[in-house]
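Database features (TrEMBL):
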- 101-125: transmembrane segment (TRANSMEM)
- 137-158: transmembrane segment (TRANSMEM)
- 164-188: transmembrane segment (TRANSMEM)
- 200-221: transmembrane segment (TRANSMEM)
- 227-245: transmembrane segment (TRANSMEM)
- 257-273: transmembrane segment (TRANSMEM)
- 279-297: transmembrane segment (TRANSMEM)
- 317-335: transmembrane segment (TRANSMEM)
- 347-368: transmembrane segment (TRANSMEM)
- 405-424: transmembrane segment (TRANSMEM)
- 409-449: domain 'Mechanosensitive ion channel transmembrane helices 2/3' (DOMAIN)
- 430-452: transmembrane segment (TRANSMEM)
- 450-515: domain 'Mechanosensitive ion channel MscS' (DOMAIN)
- 521-608: domain 'Mechanosensitive ion channel MscS C-terminal' (DOMAIN)
- 622-645: region 'Disordered' (REGION)
Amino acid sequence: MSWLSVRAFLAAGDHTGATAGLAQQQKIDDLVKLLRDPDIRSWLTTQSAAVPPARSAGVAPTGGLAGWEASTRTHVNEIISAIPSVPSEILSASLRVRQDAIAHGFAPVFLIFAGLVALGLAAEWFYRKAHLSDEGLAARLAPICVFALGIAVVFFAVEWPPLARLVLLAYLTGFVVFRVCSALIGITVSQSSLRLRGRILAAVLSFAVAGAALAQPLGVVEPAADATSIGFSLLALALATEAIWTSWQRSTNSKAAMALIFVIVWCLWAFGLKALFWLGLYAVALPALLSGVGRAAESVVRSDASGIRRVLVVRGARAIVVAAATSWLAIVWQLNPQGLGHDNPVVTAIFYGLLKSVLILLLADLVWQLAKNWIDRKLAASLDTSALAPADAARQARFRTLLPILRNGLAVAVAVMAGLIILSEFGVQIGPLIAGAGIFGVALGFGSQTLVKDIISGVFYMFDDAFRVGEYIQAKNYKGTVEGFSLRSVRLRHHRGPVFTVPFGELGAVENMSRDWVIDKFRISVGFDTDVEKARKLTKQIGTELMEDTELGPLFIQPLKLKGVEEFGDYGIVLSFGMMTVPGMQTYIRRKAYLKIREAFKANGIDFAQPIVNVGGDDKSNGAAAPASILARKARTTEPTEGPG
């Protein structure tokens, strides 16, 4: 019985296990069906994408300074390890290109390259034979364009093997770029030794860049290609440093500083800091490049071209170079997302803000130079008024007065506008800034009422055309010729030399002695027995002679006339004379008239009045006091004459 009980228990256990196995298999089948359901699979995919992967402990961050240091260290180690394999990689790539060309029935690539270059040189020779001129940038670049065109026609007309086509395109492009750089160096560099070294450096860089561009298509592993690029860059660095020490006419400290800058720029490139590398390269090469481009652009412009056209060509050429450099820097930054600082939005915003600011400053400089050139030409043209009518001369004088103020105001406006746009590119809200500036301006106005008064007074003086540059004016105790203006003051040159800088608010009523015409009157005393009619005729004759004088005639508006007897003085008759002249020359003409009147009166027996004292009696002290009394009375009645003439 016991045995039967045990057997029954075992049988029951087997039945229970079978039942459990069937249930588990059913669950697995149900799970498989659920996983095959498209809705379930879509939901699982969405959930897995929404949950970020957990970072394992101890893994270093991939961004920032630490990530850059780790990647740079790895890259340097790979380059060092790949140095022994560089010759074999280059040989393998050369064999692949050679076999590809021969397999398609072509000669080796270096023979094809030499033939294309010879063909281009032949086309260039025929062009040079027809055009003998070799002066200027255009005359030097035109043969190179013919050379490149001749090569391009043959290159695109033939169906080259794939690898040979890439190699020919890269090295022919590098050769053309080298020739263009050589022509630019020949124009911009005057020293022969430095020019030769510059061309050698351009050749090394051109063909090194062409070789680096072919590394990946030809199957060269990246570390070996980078090691080759490092080798060529070291050669270029050595050539540049040697050129600095042997051909640059500077002090030893300057040469050492420039060589150190070259080393720093090379280190920036070698360690993958592409944006900083290009910034450093621009700092070294861009000033000399802009100077050379400016000279080349000036050689293109004709000598008789207008100033605005010259500014457009020269400044425009420089602006194109700077804009191209800025655009290339933006492209380099965009194509290197793993570089140092790319993951920092603040650094990125500052970088792009700086690039946009450069373009804004270029545009502002171009606008300012065009406006300044136009104003300067107008000012230069307004200086010569000898052949102009009086109305045109007055208009030119007004130009000389207003254009300097317009130039200063335009400079301030361009600077303020450029500054505000640059601030907006850096993310600064300029609306509140302008509002705050307005409030500050109101507060400043209350605190500097005198300054505001001077500026506003100057504006209204200009609107009223009260005076112009070159005119002789008197205001209160100040008199002199107007030499120039600022926003708040006018500069007067006294006819004896001193210069007065008078704020506009202090001028008050202005007496302008140089506008349109001036009437000059003076008096001469003659004896009581003088024939006045005879004196009038002599004066009329003198006036006619002065009008016919080639020097003095153009200065007269109305001739010299005897007005008549002004009064009977103590010692003779006082005659009054008058004439109308151009402003500023009345004193000079009066001096000439005095001499002629004296000579004519003396020749015709007209005596000038002289003080005579008749002394009588026993008191001799009256005789001594009489001359002093005469001199005092004469001093009281005679006013000194001053003026610009």
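Backbone N, Cα and C atoms are what each Cβ position is placed from, and that goes for glycine too.
Automatic prediction, not curation, is the source of TrEMBL annotations.
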What is the number of residues in the domain 'Mechanosensitive ion channel MscS C-terminal' (521-608) that are helix, strand and coil, as DSSP sees it?
38 helix, 29 strand, 21 coil
Interface present between the transmembrane segment (164-188) and the transmembrane segment (101-125) (three or more C-beta pairs under 8 A)
yes
Tertiary contacts of the transmembrane segment (405-424), defined by C-beta under 8 angstroms and 6+ residue spacing from its ends, are 353, 356-357, 360-361, 364, 367-368, 371-372, 375, 430, 433-434, 462, 485-487
In the domain 'Mechanosensitive ion channel MscS' (450-515), averaged pLDDT is 84
DSSP helix, strand and coil counts for the domain 'Mechanosensitive ion channel MscS' (450-515)?
18 helix, 24 strand, 24 coil
